[in-house]
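First comes the structure, then the notes that go with it.
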Amino acid sequence: MEAIISFAGIGINYKRLQSKLQHDFGRLLKALTVTARALPGQPKHIAIRQETAFTLQGEYIYFPILLRKQFEMFNMVYTARPVSLRALPCVETEFPLFNYQQEMVDKIHKKLLSPYGRFYLHLNTGLGKTRIAISIIQKLLYPTLVIVPTKAIQVQWIDELTLLLPHLRVAAYNNAACKKKDMTSKEYDVIVGIINTLRKKPEQFFEPFGLVVLDEAHELHSPENYKIFWKIQLSRILGLSATPLDRPDGMDKIIIHHLGQPQRTVSPTTTFSGYVREIEYQGHPDFVSPVCINEKVSAIATIDKLLQDPSRIQLVVNEAKRLYSLHTAEPHKWGTDEPYGIIIFVEFRKLLEIFYQALSKEFKDVQIIVPEVALLCGGVSNTALSQTHSASIILLTYGYGRRGISFKHMTSIIMATPRRNNMEQILGRITRQGSDEKKVRIVVDIKDTLSPLSSQVYDRHRIYKKKGYPIFKCSASYQQPYSSNEVLIWDPYNESCLACTTTPPSPSKQKHT
């Protein structure tokens, strides 16, 4: 059977393949289809999403090149589109790598030496995925396209590439660069582009790149972003992710058909000390009742209602003030130090402005940065992004902040709204490799005791326990929006003193009055 290999993958005549496989044809397509899991509280009228690891173009059905071994039993005769790649300048440059990074570089390099090589790197947040990828660029010496989700990450890549490989011509490809038609790999050695721009480019744009690096590869599951895979099949592809299979709906599994199973390295033991300050907040009755949609609690609407409580907003401001003025004299037996900076996480973008206004009244001489606000207004400037590296307080949404954004001087987090998913990535914002390990990491976690979302704290406890962070509990209310009476409820050095658990209490064991 004949097949072609092109940018779209392995192309086989649809009718011939169907005739060859007969009943197995339907089974093949089903195996290459990922169906989203229904989420708790999801309205019934919302269609269940499906994505396929095949695409139809005219008389041909295309599959990821990664699957070509599965077709060997059909004695395929491949006709591959010829690709001519220039070599990048070979200049001996050295930059330090940790042992685990060097081991992974060697493993990836071996895999990507073969034509159409694929590698999906799974490495925890803050452990140097970018540096590993840059080392691969240096070894392969192919024109490289780096695809990133946001401009903030694009700027970080440009900075790292310029620092570590100064002999290469590096450029950022964005909306402004789109107007420059000759901006290709012929003019530059490495181009770093944002997915929202690159996904619109025709397949000819990707032809000169011998290597494509997909940063935050797990995020390419969305219907629009996923289309990029059908344009880069001829290149070697390196996917990077800290959470490759972490989506509640399971849609990130579609990436595996293109990159293979995520490969994880042995990560170093975390050396950051820290603790959690868990505040049990009793909100005003007008704001704590659940919001239901189709007879099910809506987490989004419930959080929105919680943040209408002005006392809860003031509680976050008070905690920011406390962290900002924190000194080594605070009597915790693990010791504390004045934090370099504070990240305040919220669930929705509209809350950024609310908290910014509240914080600005208290911190008149303190630099507060909200990078997403500039993004929403039409693009964040490089100057604004550079300011985040010196800001005392940064406001972010969980969705924006969980990506691979690097703030090495940040050591404290305030979770202004409840959170269940992506907690390891969130904590990774203050535990990045290369940041000051002497600084104690502090997490302020607000538990809304009267809200149905309060049970999410048990999911967060599991992550805190994994990190080895002691948990101190205190209380606050809408009548008293500042925390007090701090009590140690979990000690990693003396687990027998547990006053909290990592699982919710069983309903059958609870006393009813």
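Cβ atoms here come from the backbone N, Cα and C positions, even for glycine.
The feature domain 'Helicase ATP-binding' is assigned by Swiss-Prot to 110-262, with sequence analysis given as support.
All protein chains included, Gly128 (ATP binding site) registers 20 other Cβ atoms within 10 Å of its own Cβ. If you look up Swiss-Prot, you'll see Leu123, Asn124, Thr125, Gly126, Leu127, Gly128, Lys129, Thr130 marked as ATP binding site.
Taken from Swiss-Prot, the feature motif 'DEAH box' applies to 215-218. Counting same-chain residues at least six beyond the ends of the motif 'DEAH box' (215-218), those with a Cβ under 8 angstroms from any Cβ of the stretch are 120, 129-130, 133, 146-149, 153, 157, 239-241, 243-247, 252, 255, 259, 403-404.
Counting every protein chain shown, 23 other Cβ atoms lie within 10 Å of the Cβ of Gly126 (ATP binding site).
Annotation: Thr125 carries the greatest number of neighbouring Cβ atoms among the binding-site residues Asn124, Thr125, Thr130 [cut-off 10 Å, Cβ to Cβ].
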